[in-house]
Amino acid sequence: MMLMTLVDEIKNRSSHVDAAIDELLPVTRPEELYKASRYLVDAGGKRLRPAVLILAAEAVGSNLRSVLPAAVAVELVHNFTLIHDDIMDRDDIRRGMPAVHVKWGEAGAILAGDTLYSKAFEILSKVENEPVRVLKCMDVLSKTCTEICEGQWLDMDFETRKKVTESEYLEMVEKKTSVLYAAAAKIGALLGGASDEVAEALSEYGRLIGIGFQMYDDVLDMTAPEEVLGKVRGSDLMEGKYTLIVINAFEKGVKLDIFGKGEATLEETEAAVRTLTECGSLDYVKNLAISYIEEGKEKLDVLRDCPEKTLLLQIADYMISREY
C-alpha cells in the first residue's frame, strides 16, 4: 500500500479538527459574532499547528481523538491572533479574502478575536486527561498568549524605529510566531503522557521550526507569485517592515527606495528583489532558516522511530520548501 504524502496525512488529521471545531464552536446567538469568529477558521489555512500537536501526542503513544480539543484550542488561538494582527497592521486581505474587520468592522473583529481567545481555554479545559497535565497545558497556552502579545508589541515598535538589529528581530519572531508551534508540540507531548524532558525537547522543536517558518515566510513575500501569496508581492518592503532580509541588507549599507513607500510599481519591486538577491541578504536568510530547521529536527532524537516522528521531520522540511 502506497504511503500517504505529508499533505494527505495533515489533511486527514485536519478533517477531524474541522469536525471538532463544528462541535466545540457552533454558530449560536448572537449569530453574527460567531460567524465573524468562524470566518477565518472556516477559510482554511494549513492547520500546521494542530497537526504538530496531534503528531507529538501520537509520537509519544497517545491517539488523535484524545487530544482533539487541545488541537482545536491551538487553532483558535492562532486565528485570534490573525484577526487582531490584521486590525493593527491595517491588512485588509487575509487568505485571499476580505479580513474580518473589513466585513464586520474593527469593533466586531475585536470581539470575534476575543471570543476565539476565551473559547480556546474553555475548550482546552474539556480535554479528558490527568488534571495536573491539563493544568500544565493551560499554563503553557496562557503564557504563550502573553508572549504573542509581547511579540506583536515589539513588531509594532519596530515601525517607529530607524534601526532594528538581528537579535531584536529574532526575539520578536520567537515571541510572535514560534511560541505557538512550541506550545502545540509541548501540549501534545504532555497530553500524550510524555516526561517533562521529552515535552521540553518537543517544545524546542516547535520553537526552532517556527523561527525557520517565519524567516522563510519573509523570503516568500519577496519571491513568490502574487496569485500564490494572496497579496501583493513585496508588501513587507512597501509597508516598511523590518524583516531579517531588510535588516541584513541595511547592515551592508544597501539602499531600498521602496522601503516604507506604501506602494510601488512591479518594476520597482523587481528591482528591489534583485538588489536583495545580489547583496546576498535573501540567501543569508534562506540559509539561516535552514539551520534553524535542522537544529529543530535534532530535538526529535528523544522520540522512538515511528511514522509520526517521520511526519514531524517532514513538517520541519516543509517549512522551508513550501510555495506559500
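Placed from the backbone N, Cα and C atoms, the Cβ positions cover glycine too.
Annotated features, as they stand in Swiss-Prot:
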BINDING   Lys46, Arg49, His78, Arg95  isopentenyl diphosphate binding site
BINDING   Asp85, Asp89  Mg(2+) 1 binding site
BINDING   Asp85, Asp89  Mg(2+) 2 binding site
BINDING   Arg94, Lys176, Thr177, Gln214, Lys231, Lys241  all-trans-polyprenyl diphosphate binding site
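Structural mapping of features recorded in Swiss-Prot.
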residue : record                                        : DSSP (3 states)
Lys46   : isopentenyl diphosphate binding site          : coil
His78   : isopentenyl diphosphate binding site          : helix
Asp85   : Mg(2+) 1 binding site                         : helix
Arg95   : isopentenyl diphosphate binding site          : coil
Lys176  : all-trans-polyprenyl diphosphate binding site : helix
Gln214  : all-trans-polyprenyl diphosphate binding site : helix
Lys241  : all-trans-polyprenyl diphosphate binding site : coil
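For the binding-site residues shown (Lys46, Arg49, His78, Arg94, Lys241), fewest C-beta neighbours within 10 angstroms: Lys46. Of all the binding-site residues listed here (Asp85, Asp89), the one with the fewest other CB atoms within 10 A of its own CB is Asp89. Cα-Cα distance from Lys176 (all-trans-polyprenyl diphosphate binding site) to His78 (isopentenyl diphosphate binding site): 11 Å (rounded to the nearest whole number). Once the Cα atoms of Lys46, Arg49, His78, Arg95, the listed binders of isopentenyl diphosphate, are compared pairwise, the greatest separation found is 17 Å.
The two recorded residues, Arg95 (isopentenyl diphosphate binding site) and Asp85 (Mg(2+) 1 binding site), show a Cα separation of 13 Å.
For the binding-site residues shown (Arg95, Lys176), fewest C-beta neighbours within 10 angstroms: Arg95. Around Gln214 (all-trans-polyprenyl diphosphate binding site), a 10 Å sphere centred on its CB holds 24 further CB atoms from the protein chains shown. Put simply, of the binding-site residues Lys46, His78, Asp85, Asp89, the one whose Cα is nearest the Cα of Thr177 (all-trans-polyprenyl diphosphate binding site) is His78.
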